[in-house]
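*Asks:* If you look up TrEMBL, you'll see 20-49, 69-88, 94-113, 134-153, 159-176, 205-226, 238-259, 271-289, 295-313, 325-343, 363-386 marked as transmembrane segment.
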Amino acid sequence: MPGLWPTLASRALGSSAYYVISPFLAIWLHSTLGISVSLAATAVGVHLLSMRAGAVCTQFVVVRFRLRAVLVGGYLVAGAVLLVPVVLGLDDPASWLAVLAVNGTAVSCANVGTKAMIANGCDESTRLPAFGRLNAAINGGAALGPVVGGWLMSATGRAFPLVPAGVFALAALLAARAPGDVTATPPTGGGEGGAARFGLPGRQVLLWAAVTATLWLAYAQFANVLPMYVGGSVSTRVISMLFLVNAILIVLFQGVVARRMESLARRRGDRAVLVLGMVLLAAGLVLFVPGRGPAWPVIFLGAAVFTFSELVWSPAADTLMAEKARGNSFAAFGFAGLIWGVAESAGGALGTAVAGGTGDNTWVSWSPFLVAAALTLLTALGIALAPRGPVEAAAGPAASEACPEPSGKAL
């Protein structure tokens, strides 16, 4: 699907820009601007929450525009708002809370708009590889951002926000070349009970988002809990290597895994792909348990298994969500992002509190990983045994329109 490259490239740049500043935001606000630690932490929370929930809050306005305009506008606003405090010399916490809320909301709109564009422009046979490539683009940008961000923060001082602002501008330029000009508004009569007319997802979408929230609760055990869990056994450099391994494996093997999963999906359906990914995810979580003892190198094996699980379940979950959206993709992915974000935040907070509450290598400290693995396996079992819904049953190999080539139909 070469026609998707501007969309994927803009998403990679948007991800990179966000992660240039996000991991270092609290440090920069405190050390460079003199904002207190508590207010800096609040600013980080506002930034994360708006990035997850922003699209939900603005969808009633956004659905009036075409998706390409949503992408371009989201990236432009995300970059432009970072220039305001730098140009005006605003160092007070209130200004930065407002700036970060707007930035996160704009990024959220662009992120959800990208998924909606792929969902609306690909049929059932091409969504899985398209979302696989999107996953690789997101993680490629997310891997590059923190690597560059730490050095830039030290080198640029108060001008640090200018760097992500420039990258967001480049993302907007690429998004303007994205194929297609579809609206985010679903067809008249779509959705359930007329809810789609108002940009609200149907009950199936909300139920599916709630069921798959287990994935994000489990994901938080790697992204948030594992560093705290192994912090007393290994250096921060080793912890950084875990995330680097995760990003490198995703970029290198996304294509290979995607082809294998396409074959499985044709034979067994997208649900089988998702269930396989969840089983691998649970296995990776269990392999994190030895991380607090002398067998801590096993966590690298766990990180590899966890990474391959993400290559499987992430595109599959998005593909199934697109099927259930019934054309109302922006609202579906917006609300799903909110539900998944709440699950990720809760899983990260609870897991960190438990893992950090004791320095012992006991079942209590293991429980975040074991409980998350058990919940993931139970969810996988439920998905495997549940009857196919009407949307899935109606989805066949034939399609009205596939993802475009550069000279083919637009998204």
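Cβ from N, Cα, C; glycine included.
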*Asks:* Taking the transmembrane segment (94-113) as the first stretch and the transmembrane segment (134-153) as the second, find out whether 3 or more Cβ pairs fall under 8 Å, excluding pairs closer than 6 in sequence.
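*Replies:* Between the transmembrane segment (134-153) and the transmembrane segment (94-113), which are separate recorded stretches, there is no contact, as judged by 3 or more close Cβ pairs.
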*Asks:* For the transmembrane segment (159-176), which recorded stretch in the set 69-88, 134-153, 238-259, 325-343 gives the largest number of Cβ pairs separated by under 8 Å?
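*Replies:* So the stretch in question is 69-88.
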*Asks:* With an 8 Å cut-off on Cβ pairs and a sequence gap of 6 or more, do the transmembrane segment (134-153) and the transmembrane segment (238-259) reach 3 or more such pairs?
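*Replies:* Yes, the stretches contact each other.
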*Asks:* When only pairs 6 or more apart in sequence are counted, do the transmembrane segment (271-289) and the transmembrane segment (363-386) reach 3 or more Cβ pairs under 8 Å?
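*Replies:* They are in contact.
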*Asks:* Using a Cβ cut-off under 8 Å, which residues of the same chain at least 6 positions beyond either end of the transmembrane segment (363-386) come close to it?
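*Replies:* Hits for the transmembrane segment (363-386): 211-212, 214-215, 217-218, 221, 225, 229, 271-272, 274-275, 278-279, 281-283, 285-286, 288-289, 292, 347, 350-351, 354-355.
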